[in-house]
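K.L.:
This is the structure I have questions about; it appears just below.
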Amino acid sequence: MARPPPPQPKPAQKAAKGGTKKQTNLERSSYFARREAAKVLKSVLLGDANKRAVGSIKTLIYSPTIRNKQATFALVCQTLKHLPILKEVIEGANILNGKWKRQEELMYIIAYDILFGQATVVLAGDAENFLLLRKDALQSALAKLCVKKKVKRVEDLLLLYNPNPDVSKPRYVRVNTLKMDFESAFLELSKQHKVQKDDIVPDLLVLPPGTDLHDHPLVKNGSIFLQGKASSMVAVALGPQPGWEVLDACSAPGNKTVHLAALMRGKGKITACELNKDRVKRLEDTVKYSGASNVEVLHGNFLNISTDDPLYKKVRAILLDPSCSGSGTVVDRLDHLLPSYTAAQAADVADTPRVKNLAAFQSKALAHALSFPAVERVVYSTCSIYQTENEDVVKSVLPLADSLGFHLETALPKWTRRGLPVFEGSEHLLRTDPVVDMEGFFIALFVRKTAVSSSVVSQESEDHGHIQQTKEHNGQNQSLRKKPVKRKLLPTRFVRMAEMMSRSYLIRRVQELG
């Protein structure tokens with residue numbers, strides 16, 4: 001269904017000569033950018049207030065529905081930086097009422113342009129004209145606020161409300177090998193930019209900070225993804241083989257899901273589970289955009305998937321990247337601009353009820369992932385810097401993991417930064433540093449001990465280019481012939497008993513955490 005065209009702008013009246021300024025392309029672009037920015041801002045503020053964001057600020061701005069991405073990005077970011085000031089100024093001027101109160105996001109955007117924008121608001125609609133007629137009241141309220149806060153300049157006022165410095169980091173680009181080979185992407189991007197190959201993540205390219213690729217043809221056609229390095233590490237750590245059945249437990253927005261599909265060369269099956277309805281749509285768009293044909297989107301709760309369900313009895317790898325505090329990506333996601341972040345700065349966020357509740361859910365979800373009967377590899381990852389959501393969650397499931405034959409294995413051995421030394425084996429965990437690496441991620445890799453030999457067989461089969469599932473089955477049969485039958489059968493019964501006992505233990509543990 002086609003969207004109705006937006007209302008056409010009206011030229012603002014010029015006080016000097018009573019005439020109107022001729023419309024230009026730049027002015028029209030600014031007018032429509034303010035409307036697009038207002039829609040993004042409304043979604044951002046609503047998600048922040050409800051603690052249920054549809055996506056990060058960048059995700060919303062760089063969606064296909066936003067036409068003027070650069071201008072919209074600038075307006076949203078600058079308005080959020082100035083939002084506490086804008087709210088006090090508009091309230092002090094006492095001008096927001098009636099229908100304009102229902103369009104407060106647009107009022108914030110326009111007020112920013114009038115008070116702080118570098119260009120004069122010329123091409124205007126009714127909303128712009130409403131505020132332009134009250135420009136003196138806005139400027140007077142701003143001056144009074146400066147006096148109240150005992151500052152002489154607006155720049156000093158801004159520092160009081162937003163002390164966070166802007167952080168610059170390299171632009172990372174993951175080549176989507178489902179659509180384009182790595183070397184071709186490298187050569188194409190090298191025509192206009194300085195490009196390097198990442199030393200940890202295959203198919204990841206590194207470009208200078210500030211490189212804007214959002215309108216690049218390779219981004220638009222899904223050949224490359226603008227995905228951070230730490231985020232790209234997660235699927236690589238899981239290491240699924242082509243032909244496997246894989247479960248992505250909390251999938252949206254889907255970048256890690258389609259990365260898994262690329263690593264599997266489009267073979268096998270990935271079930272991408274997502275509970276939130278709005279995020280399911282985003283997930284489906286990402287899958288379609290990537291060209292991944294082996295992904296099946298499931299709208300539902302991962303915890304409601306029965307480990308006894310025949311549909312999932314062949315799942316060999318699970319990626320669990322559950323909801324978390326997002327404390328490691330505050331700057332990258334621009335979350336430091338959100339009202340809730342400002343309010344939380346003075347508190348010890350790691351000890352808040354929200355983080356503790358998240359940790360309880362994360363422990364429960366990780367235990368559930370480990371309980372699938374055929375699973376061989378499980379990756380638990382967060383974009384959090386808190387021990388509560390990272391090492392503590394892993395430690396809480398270790399008794400269950402051990403009873404099911406799992407052990408912690410070192411993910412991406414070339415990476416040097418490891419887990420906090422709070423329990424034996426934490427050196428296998430992976431952390432990225434929010435200062436050094438400019439994002440804080442955590443990865444734990446569980447591998448089932450009895451699956452090591454079959455994983456080797458699977459890798460050798462794929463290297464020879466044969467049918468993956470057939471070779472794995474043959475390799476497992478050969479392994480069974482070398483071992484006495486009793487050694488294979490007897491422990492299975494005890495493992496099932498231990499699993500039931502451990503599940504009971506974990507439920508009690510989760511209740512204690514909650």
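Using the three backbone atoms N, Cα and C, a Cβ is placed for every residue, glycine included.
Nobody curates TrEMBL annotations by hand; they come from automatic prediction.
Because the structure is a prediction, the values reported are computed rather than measured.
Pasting the feature list from TrEMBL:
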type	residues	note
COMPBIAS	1-10	compositional bias 'Pro residues'
REGION	1-25	region 'Disordered'
COMPBIAS	11-23	compositional bias 'Low complexity'
DOMAIN	161-449	domain 'SAM-dependent MTase RsmB/NOP-type'
BINDING	Cys250, Ser251, Ala252, Pro253, Gly254, Asn255, Lys256, Glu274, Asp321	S-adenosyl-L-methionine binding site
ACT_SITE	Cys383	active site, nucleophile
REGION	458-483	region 'Disordered'
COMPBIAS	461-474	compositional bias 'Basic and acidic residues'
K.L.:
Determine which residues of the same chain, besides Cys250, Ser251, Ala252, Pro253, Gly254, Asn255, Lys256, Glu274, Asp321, have their CB within 8 A of the center of the CB atoms at the recorded S-adenosyl-L-methionine site, and list them by sequence.
P.N.:
Asp248, Thr257, Ala272, Arg279, Leu283, Thr286
K.L.:
Using a Cβ-Cβ cut-off under 8 angstroms and a sequence gap of six or more, which residues of the chain neighbour Cys383 (active site, nucleophile)?
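P.N.:
Cys383 (active site, nucleophile) has long-range Cβ partners Ala230, Ser231, Cys324, Gly326, Ser327, Gly328, Thr329, Glu439, Gly440, Phe441, Phe442.
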K.L.:
Which residues in the same chain, at least 6 apart in sequence, have a Cβ under 8 Å from the Cβ of Lys256 (S-adenosyl-L-methionine binding site)?
P.N.:
Ser231, Val234, Ala235, Asp248, Leu319, Asp321
K.L.:
Restricting to the chain of Gly254 (S-adenosyl-L-methionine binding site) and a gap of 6 or more, list residues whose Cβ falls under 8 Å of its Cβ, or answer none.
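P.N.:
Looking at Cβ-Cβ distances below 8 Å from Gly254 (S-adenosyl-L-methionine binding site), excluding near sequence neighbours, one finds Ala272, Arg282, Leu283, Asp285, Thr286, Val287, Ser290.
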K.L.:
Who sits close to Cys250 (S-adenosyl-L-methionine binding site): which same-chain residues at least 6 apart have their Cβ under 8 Å from its Cβ?
P.N.:
Cys273, Glu274, Leu275, Phe302, Leu320, Asp321, Pro322, Ser323, Ala365
K.L.:
If you count CB neighbours within 10 Å, which one among the binding-site residues Ala252, Asp321 has the smallest count?
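P.N.:
Each of the binding-site residues Ala252, Asp321 was scored by Cβ atoms within 10 Å; lowest is Asp321.
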K.L.:
Find the longest CA to CA distance in the recorded S-adenosyl-L-methionine-binding set Cys250, Ser251, Ala252, Pro253, Gly254, Asn255, Lys256, Glu274, Asp321; express it in Å as a whole number.
P.N.:
13
